[in-house]
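I am attaching a structure below and will ask some questions about it afterwards.
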There are 2 protein chains.
Amino acid sequence: MTERVQDLDEAELLTRIFAVLGSASAASTLLGPGDDSAIVAAADGRFTISTDLLVEGHHFRRDWSSGYDIGWRAAMQNMADAAAMGARPTALTVGLVLPADTEVAFVQELARGFVDAGGPWALDVVGGDLVAGPCLMVAVTVTGDLGAAPAVLRSGARPGDVLALAGRCGWSAAGLAVLGSGRLDETVTRTHPQVRAVIEAFRRPVAAIAEGVAARPHAHAMMDVSDGLVRDAARIAAASGVSIELREPEIALARDAELLGAVAEFLGDPGLVRAWLLGGGEDHAMLAAFPADAVPAGFAPVGAVKARAGQAPAVTVAGAEPHVRGWDHFRR
Amino acid sequence: MTERVQDLDEAELLTRIFAVLGSASAASTLLGPGDDSAIVAAADGRFTISTDLLVEGHHFRRDWSSGYDIGWRAAMQNMADAAAMGARPTALTVGLVLPADTEVAFVQELARGFVDAGGPWALDVVGGDLVAGPCLMVAVTVTGDLGAAPAVLRSGARPGDVLALAGRCGWSAAGLAVLGSGRLDETVTRTHPQVRAVIEAFRRPVAAIAEGVAARPHAHAMMDVSDGLVRDAARIAAASGVSIELREPEIALARDAELLGAVAEFLGDPGLVRAWLLGGGEDHAMLAAFPADAVPAGFAPVGAVKARAGQAPAVTVAGAEPHVRGWDHFRR
């Protein structure tokens, strides 16, 4: 018989989850789960903190993502919010709302996704909460360590800076488009490695966390791209009081464009490539402004920061005003 | 026309919420909301962290609690998890899942509840997330400052200690019982001040946060009572490897018992008093073990810590094994 969360009490369910999480062992964990609060080290006397929510039917579908994928993505996108400040992620807390008929194995897989996504950062899930509810929801909070250096804000971009991107661009959006197309069958992922790559990028994004942390000494401004290149560049422009001229994305991001081109061809619409590059979010690339002579390895120049002039648009693409919209959670 | 969250985009909704929250101004807030992460001070090189979830239909009903009440309770129960370590709450993050037809005024009231509950602690809501979803859910994370002192864990109770309680006991459970009884009408809260008091205690609990912070230098063990005196005393007993002998609660907590007696009389069942005192949670009283000569003002002795002997029960009440069960979220 399939074991479901309604078959266990809370203590038993926690035991199953901790069997996956293992004991808290990260150097930054001073006290792990089990008391009223956890205790986390903050050697330089402060810490970064950020919270994300993922809701079934809005951020993920269980027929498109496994428990492992959902845990992985929740951890990854939250850690990206620490890295986007230049901070090394130090701890996670996780709140799970679980329908009573959720399989215990699914919850354990979700925990395993958290463990694996956080693995390279040697951080623990130091606390959380489990409650019953009408649909699956994941609430994640991440803390980060700035290593005694100033944080990298969105507001520091200066005219003359190079805007550059580290990580993937458009992959997750392309993967979502393939899943939504209904054109996926068992053979496609064997015959089309690019299609397989973008589906995996949607399910288990690999945020540019190491690049964000490494950029801290050099970047004037940074954020992670969660709502698309144009929309997030506009946020840096607004926060910094500058304009941003994006280069033609199919040239600036030629390697992404090549891979996305194969996926667009599979879907029969070459115009998708540009839309994915400019509007696709959730790859959690790092978008940062650097002095022109200090763009670190791993960052590809995608544009230039200019002084804001009168009625000029905040963001242009190859000299023209772009026509893409990002995601909005509420507006219908 | 009533304005609903689906009528606004995310930026506009945030503007309405920040109109209530005000600008981040707490001394512990080094960077408030608006960037990828917030930054919070942690002067002694570490911080406490805890996360709670509240889900509509499970933790609250909108016909029994206003938006203000829900925000207040979410903040209060989370801050109690910091105080239960002996930590002063320093920052909150809030994730809100909102059905699209939620009234904007309701969300603003919820924010106002957060502000007022956190008011005495001069802390900010430093970050969060807003997403659409099928039911109202609130995810709260609190961080705390231990002021360079050791944290007070659940595991430090020693034989010979006095177990003592600060704050209310049974009030919230009594308030819930009145709301569930269907016997409330407009006149009752005028004619029965005790009934009004317990309903307010359910809607807007006042956790013993100051008492928890002040107990830090003296307490050997501490937790906040969220699942009832017996169940939470058993947690201290288990973590500390001791037994706990609770006194007769109607004597040890005579003032609570008197107030609850009037409510039980209103409901026509005097036996409820003992059940509320032993099993009622969510008042977020502080339950702590102290050396016998160091019980601070504000704490009432409720029991004694004894060495764990063989097959003896972890918790007794007036010498007998108690028959109360706490709340479990999953088991049906």
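A Cβ is built for glycine as well, from the same backbone N, Cα and C atoms used for every other residue.
Okay, these came from TrEMBL:
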BINDING   B:Asp36, B:Ser50, B:Asp81  Mg(2+) 4 binding site
BINDING   B:Asp36, B:Asp81, B:Asp224  Mg(2+) 3 binding site
BINDING   B:Thr51, B:Asp52, B:Asp129  Mg(2+) 1 binding site
BINDING   B:Asp52, B:Asp81  Mg(2+) 2 binding site
BINDING   B:His59, B:Glu282, B:Trp327  substrate binding site
BINDING   B:Gly128, B:Asp129, B:Arg154, B:Ser226  ATP binding site
BINDING   B:Asp227  Mg(2+) 5 binding site
DOMAIN    B:34-144  domain 'PurM-like N-terminal'
DOMAIN    B:158-255  domain 'PurM-like C-terminal'
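For each feature listed, report its degree of burial, its nearest neighbours and the pertinent distances within the displayed model.
Sequence-distant neighbours of B:Asp81 (Mg(2+) 4 binding site) (same chain, 6+ apart, CB under 8 A from its CB) are B:Ser50, B:Asp52, B:Val142, B:Asp224.
Other C-beta atoms found within 10 angstroms of the C-beta of B:Asp224 (Mg(2+) 3 binding site) number 29, with every protein chain shown included.
The Cβ of B:Thr51 (Mg(2+) 1 binding site) lies under 8 Å from the Cβ of B:Asn78, B:Ala139, B:Val140, B:Thr141, each of these being in the same chain and 6 or more residues away along the sequence.
Around B:Glu282 (substrate binding site), the same-chain residues six or more apart in sequence whose CB sits under 8 Å from its CB are B:Gln77, B:Ser172, B:Ala173, B:Phe202, B:Pro205, B:Ser226, listed in sequence order.
Mapped onto three states, the DSSP output places B:Ser226 (ATP binding site) in coil. Over all protein chains present, the Cβ of B:Ser226 (ATP binding site) has 23 other Cβ atoms lying within 10 Å.
In this view, B:Asp227 (Mg(2+) 5 binding site) is surrounded by 20 other Cβ atoms within 10 Å of its Cβ, with every protein chain counted.
As a whole-number mean, the pLDDT of the domain 'PurM-like C-terminal' (B:158-255) in this prediction is 95.
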Name the one residue among B:Asp36, B:His59, B:Asp129, B:Asp227 whose Cα is closest in three-dimensional space to that of B:Arg154 (ATP binding site); these are the binding-site residues.
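Closest candidate to B:Arg154 (ATP binding site), judged by Cα separation, is B:Asp227.
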When the Cα of B:Gly128 (ATP binding site) is compared with the Cα of each of the binding-site residues B:Asp36, B:His59, B:Asp227, which one is closest?
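Spatially nearest to B:Gly128 (ATP binding site) by Cα position is B:Asp36.
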Using a Cβ-Cβ cut-off below 8 Å, which of the binding-site residues B:Ser50, B:Asp81, B:Gly128, B:Ser226, B:Asp227 are near chain A?
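In terms of proximity to chain A, the binding-site residues that count are B:Ser50, B:Asp81, B:Gly128, given in sequence order.
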What Cα-Cα separation, expressed in whole Å, is found between B:Asp227 (Mg(2+) 5 binding site) and B:His59 (substrate binding site)?
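Here the two Cα atoms are 13 Å apart.
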Quick one: DSSP breakdown of the domain 'PurM-like C-terminal' (B:158-255) into helix, strand and coil?
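Once the DSSP states are binned, the domain 'PurM-like C-terminal' (B:158-255) shows 51 helix, 14 strand, 33 coil.
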Give the distance between the Cα atoms of B:Asp36 (Mg(2+) 4 binding site) and B:His59 (substrate binding site), rounded to the nearest whole Å.
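Cα-Cα distance, B:Asp36 (Mg(2+) 4 binding site) to B:His59 (substrate binding site): 30 Å.
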Indicate whether B:Arg154 (ATP binding site) is helix, strand or coil by DSSP.
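Going by the DSSP assignment, B:Arg154 (ATP binding site) falls within a helical segment, counted as helix.
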Tell me the Cβ contacts of B:His59 (substrate binding site) under 8 Å, same chain only and six or more apart in sequence, or just say none.
B:Leu53
